[in-house]
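Reading through the structure tokens given below for one structure.
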């Protein structure tokens, strides 16, 4: 290990405070530089917020803060090891050192097409020979001492070897600010260390869209299915790029057993990648998603929800009830909770409605109306259609899109509910929907795992009122949750799925 890294292990015994955004934050010092810069982690915050700050901005924590710090568990400093345990395999040794290696980002920014994006996490891009030679002249460090013991120098040719990948990039944080920028082609995801090489490559790269086949297309938005075994280099480069923004997954680059689903937005020239998710081809736990990322410039636009909904649609068409692979990141859990709650709310709205959502009134002649079926939407003239607002994908949404659900849901609703009609003194009648079902039936009807449905119902407060072990849910409670959670219509339209 270098001298600066050894210093960081000793400095974790001291608590410091940094003023950030007008508030004092407790920090851990992960590394020091000879120029006085320190790399810090903010207590209670995700690792993606770690950053280099001037050492002069640090203030020793007072005794009360130190006492609170002692009362809470803190990460145990990782001491450098000189040699691997001879009884451990190379892969086991790599995993043991994974947390130590990935504690610090190895690139500050990535240049991706027109965007220069601040990275969130470490990604094991292989070190090239020239970078290793440059790092030998740095104070207190050498190429050999900063590598994992027993692992040879990483080269571009050794791209697929797990141990070399984990070792790659260890010394980049010690290089100049210019070399902390990674250059990635936004067409093929090929990576370069120098801007000049990147500019030359993008002028020659003629890829217009991801490899593989289209599995969803609605307007300009397309989802491509790419086989990791057929397009291995593309998927490896895509995984390396995604790892810059994904922390909780231990990333190994044997892509043969994975399918990648890449969301793009098309213009007149080509398709631009917005994000992607991956899933195992064969998952014995029926996981429908291994990792997911929406690129930072395109976040908060509904693209993550579109990909989550598509992953569940793939599971539904395969006759399985899927769930994402654990553990989930903080952002992943938030996104999935939004999906689970929205799915349940849309189901309860349809389940607890006497009339179809697109028919506020029903007029019949000669006999009482039939409320058991789902009537077709009322006819519209051309002028009323023109006045509709455009959806997020540029298309005109259906009038019942708020309640849109997978095919076959109406039969499920009919089997679960009873419509109770009570006469009034004035000769009219009032109809009420009464539903008696188990949590397993609700989960099956919404294509969710029972534990996922129970977690979502508990988080939104619908499991709060119980009587003799029976949970009561009214339409008023459902609407209150829908308003609080800002439940929106589905982003995915199953009619545009192109899976066979």
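Keep in mind that glycine also has a Cβ here, set from the backbone N, Cα and C atoms.
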Given ranges 321-364, 365-408, 409-452, the stretch to which TrEMBL attaches the annotation region 'Disordered': 365-408
Correct range for region 'Disordered' (source TrEMBL, candidates 61-87, 88-114): 61-87
For residue 325 (active site, proton donor/acceptor), the number of other Cβ atoms found within 10 Å of its own Cβ: 20
Integer average pLDDT (0 to 100) for the domain 'MYST-type HAT' (102-500): 79
